[in-house]
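The transmembrane segment annotation in TrEMBL covers 21-44, 56-74, 86-106, 112-130, 151-173, 185-206, 271-291, 297-314, 334-353, 359-383, 395-418.
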Amino acid sequence: MADRYENQAPEKLQGKYQAMVVCCILGIGSLVSWNSMLTIADYYYQVFPDYHPSRVLTLVYQPFALGTIVILAYHESKINTRKRNLIGYILFTISTFLLIVLDLATRGRGGIGPYIGLCAVVASFGLADATVQGGMIGDLSLMCPELVQSFMGGLAVAGALTSALRLITKAAFEKTNNGLRKGAMMFLAISTFIEFLCVMLYAYVFPKLPIVKYYRRKAASEGSKTVSADLAAAGIQNQSDLLLDSSMQKDDDSKNQRLSNKELLIQNIDYAVNLFLIYVCTLSIFPGFLYENTGQHGLGAWYALVLVAMYNCWDLVGRYTPLVKWLKIENRKLITVAVLSRYLLIPAFYFTAKYGDQGWMIMLISILGLTNGHLTVCILTTAPNGYKGPEQNALGNLLVIFLLGGIFAGVALDWLWLIGKKNAF
């Protein structure tokens, strides 16, 4: 059956570039709300100066994201992927809009009450992130690597887009009354619109693209049950539509057998651990260190924003560099060496913040972003190769667990930079 599908591939893989564009937009939607929160952190530092917003909000976000993805990954083979992703994007839309409502209701005032409300909305972001990111990466893992790469590129586009908009709004509103607040509200309004757009794209456009239908039919023929609702949305209503001739209608359990999650994890433990280590390193520096530990420099209040923008831009570049074949790392040992070598950046950041100037810091944050994006895409596009559709979906979810676990550990370790600082806590 696999051979049959491979023979059909050239005529069925239509709409590949449209699918890549849609995947990129869906990637933007899975991170734009959270990135908006990080990028307007200077506003939240003004409203809540004593509560370490960039560190606390990230620490609130991650346990909900990690706990949710663990549960969803365990049950992934029984979960309707279409409902899962739509629920995630709808939750993103509502939560982002609630941030605007919260700010308007409190008139931009600080205090513990509004801060608790802010933390509650951020927790819902964590739920939505795990729902969408695990669901989308698992779903796209059973398709061609370019779609996974486009989705991951969209995550970085979200960062670059929010950073660019933040610099523009800061310049536009800097000298106006309540300038920071106006810029923040504009940010959140744009993010709400993007999330709503993602709901529409995933519900009505993505499942009807020929290349998406082809790979989902192929996954269903290999025993995947998670794609049935998406196939129905694309107009493929019953099992006979999935089969190419009557001889395929016979039950063949041997074809539908798949590796268990435990077996998949054992076979790919190096990929999983490397993803974990990538994000431990990145999040132990970004964004808390940039906002609170880089000292005073010539750029003043712009300094942290410029550093965040440089990280996001180079992260975006890094997620597209694997498209160049000779730059893509597929050797498992080489990936491990590259991941471990990134930890040299931690002492480099420490000594640069203490003794270096802003030029060196900008260079280091660029390297951090470039390697983060490049290595992430190399792992997520290489790991699913050679598996059947249901296994690829499961492996995608398992890898996202380690990715979010790394983020959580990195966020916790980010607090270590405050040791020895006066009035740090």
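A Cβ is built for glycine as well, from the same backbone N, Cα and C atoms used for every other residue.
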Within-chain partners of the transmembrane segment (112-130) [C-beta distance under 8 Å, separation at least 6 from its ends]: 30-31, 33-34, 37, 44, 47-48, 51, 56-57, 60-69, 72, 88-89, 91-92, 94-95, 98-99, 102, 106, 400, 404
Range from 21-44, 151-173, 185-206, 359-383, 395-418 with the greatest count of C-beta pairs under 8 A to the transmembrane segment (56-74): 395-418
Among the ranges 21-44, 185-206, 271-291, 334-353, 359-383, the one whose Cβ pairs under 8 Å to the transmembrane segment (151-173) are most numerous: 21-44
The transmembrane segment (359-383) vs the transmembrane segment (271-291): 3 or more CB pairs under 8 Å: yes
Per Cβ pairs under 8 Å, the stretch of 21-44, 86-106, 185-206, 271-291, 334-353 packing most closely against the transmembrane segment (395-418): 271-291
Distant-in-sequence neighbours of the transmembrane segment (86-106), which means Cβ under 8 A and at least six residues beyond its ends: 26, 29-30, 33, 36-37, 113-114, 117-118, 121, 124-125, 127-129, 131-132, 135, 181, 184-185, 188-189, 191-192, 195-196, 198-199, 202-203
Spatial neighbours of the transmembrane segment (271-291) far in sequence, C-beta under 8 Å, 6+ residues away: 38, 41-42, 45, 52, 54-55, 58, 265, 304, 307-308, 311, 332, 335-336, 339-340, 342-343, 345-346, 349, 353, 365, 368, 372, 375-376, 379-380, 382-383, 398-399, 401-407, 409-411, 413-417
